[in-house]
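**Q** After the structure tokens below, expect a handful of questions from me.
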């Protein structure tokens, strides 16, 4: 959803034509609508299972952890209809609501990353007690704080598009947002993986099905890599050419679409692992 560098860029004295935007406007709305429908059905089924069979949800797929993951995926999915409509017919809700949408989008995203990570380090979520409640409040508040730079860097373009970056690539708000995104989507899972291999994390949780939550990191890691490459290209740390930008647009869009799928695939996967 980032077309902020426009359709024409002058590299090598030739105009660069962005062919991705028309494709994005055709494909993104139905994709987001289908993903939202999948996420809604899956999240409702997951919540029903949590209510009807609370005793079935034990560590590492504990009820406290899975309920918060469902909340995060539900919040993420609830934003998809507005984004789909904005892409299809233009964003007419103003810059304020655009930034609020991106704030909630990244809040849910970062909260899920912290939830999956916290579930890998110990059995805090095994019981919903004062300790786990304090952790939940701190985690969600921290995720909201970490999502604030995303809201400051986003905005509208020409009054018709709600984009994730309406500021310069080197602006403090975007650089901070990029650093936080890479930390949570790439460095955090890498650290957890190393911790699991050397025995610092709970290996038993993987054998008991806790690794299912790591699908979240698997789906979002390509987007984190794409964000890093995008920064290097726009900051001229990698040699930019028309062909590079035109092909990279598609890679960035596909990686973001892959990450969006987490809210549709996550609930049925958690249910499947628990049923099996």
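Glycine is treated like the rest: Cβ placed from N, Cα and C.
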**Q** Do you know which of 9-30, 31-52 TrEMBL annotates as transmembrane segment?
**A** 31-52
**Q** Between 31-52, 103-123, 135-154, 212-233, 253-273, who has the most Cβ pairs under 8 Å to the transmembrane segment (64-91)?
**A** 31-52
**Q** For the transmembrane segment (212-233), name the stretch out of 31-52, 135-154, 174-200 with the most CB-CB pairs under 8 Å.
**A** 174-200
**Q** Most CB pairs under 8 Å with the transmembrane segment (135-154): which of 103-123, 174-200, 253-273?
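**A** Answer, by Cβ pair count: 103-123.
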